[in-house]
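Trainee: Below: one structure in structure tokens.
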Amino acid sequence: MVEYGCLAPLSLLALVSNFSGIVDITRAPLLADILQGVWRLCAVFGAVVALTALPLSLRHGDSRRISWYLLFIPGVAAASTASELSMVLSESRASGVLTAGYLLWGASAAPALGLTIQNVRHRLHQGPSTKDLVVPLAPVSQLALGIMTLGIESRRVWADTVGPSTAPLLLGELAMAAGAILGLVLWAAAAAWLVNSHLIITMTAVPCNVISICGRLTESWQIVYPVASFAMATAVLARIWSSATALMLARILIAYLTVAICGLAGRALWKLWTATTIARSQRTSTSPSLTTPSSTSLYGSI
């Protein structure tokens with residue numbers, strides 16, 4: 001149940017992200033304050049979890065479990081949402097939110113990547129299932145997405161701020177360049193794992209045919225969030241680097257994700273229909289027959 005604890009802050013962060021693009025601070029300052037308050041709560045939760053999840057996993061559980069390193073995603077998602085929230089805040093408040101976003105990203109990056117690598121090695125040694133192979137895309141893609149979006153908004157908010165004396169350049173330009181380079185490196189790592197995981201799924205499918213491979217890819221809904229995170233990171237990468245190839249890849253990933261969701265929904269409906277049919281047939285077979293004279297429930301015992 002540990003991994004389900006991340007759903008509440010992630011849902012709230014998605015709400016903040018969606019509203020940030022449509023809020024006019026001059027007409028709805030109260031809503032902007034509410035969004036910032038919600039973000040602060042989620043950011044505090046993400047920071048506490050990022051600082052305590054690793055020691056707790058080593059003391060009370062197995063750090064190789066997926067549920068432990070997924071706990072770092074709320075902090076990374078809060079860092080990514082900070083860039084979008086800064087669009088509806090004043091310059092001074094936006095600067096503070098961006099600074100907190102960078103701190104959250106840094107606090108979550110090292111343990112998330114370390115536990116991801118450890119989990120991948122453990123799953124490959126055990127012979128992983130499909131969902132265990134694809135899930136590591138989520139933290140790496142979220143890290144790439146977070147640092148790139150932070151760089152984009154930092155360029156706007158810190159456009160006139162001079163950096164440290166060792167690098168007397170505009171801080172916004174430095175943040176944009178750092179976000180673009182780090183995001184590209186992390187995106188390349190996620191892309192390599194996406195290819196490797198799908199090749200492993202293809203080679204380990206028994207029998208090795210299209211139906212078997214599609215069946216393995218639609219085993220669990222856990223494949224949706226990692227692939228969606230990678231698709232979003234790819235779209236932001238295409239925007240930063242003005243890459244038509246990355247934009248085309250993002251569209252392919254969205255199409256692939258749509259097909260996967262349809263397959264998962266169809267599989268879930270098929271299981272539900274099968275279970276309902278079996279339960280109905282069992283009730284029919286155990287109910288007393290109205291046409292059988294020997295039925296004791298209708299005629300009694302002689």
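All positions are counted from 1 along the displayed chain.
Glycine is no exception: its Cβ is also placed from the backbone N, Cα and C atoms.
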Trainee: To which of the residue ranges 1-22, 133-154 does TrEMBL assign the term transmembrane segment?
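Mentor: Among 1-22, 133-154, the range TrEMBL annotates as transmembrane segment is 133-154.
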Trainee: Under 8 Å, at least three CB pairs between the transmembrane segment (37-56) and the transmembrane segment (133-154) (pairs 6 or more apart)?
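Mentor: No, these stretches are not in contact.
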Trainee: Which listed range (68-90, 102-121, 133-154, 223-242, 248-270) shows the maximal number of Cβ pairs under 8 Å with respect to the transmembrane segment (174-195)?
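Mentor: Out of the listed stretches, 133-154 contacts the transmembrane segment (174-195) most.
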Trainee: Could you check whether the transmembrane segment (133-154) packs against the transmembrane segment (68-90) - three or more CB pairs closer than 8 Å, residues at least 6 apart in sequence?
Mentor: yes
Trainee: Have the transmembrane segment (102-121) and the transmembrane segment (223-242) got at least three CB pairs under 8 Å, pairs 6 or more apart in sequence?
Mentor: no
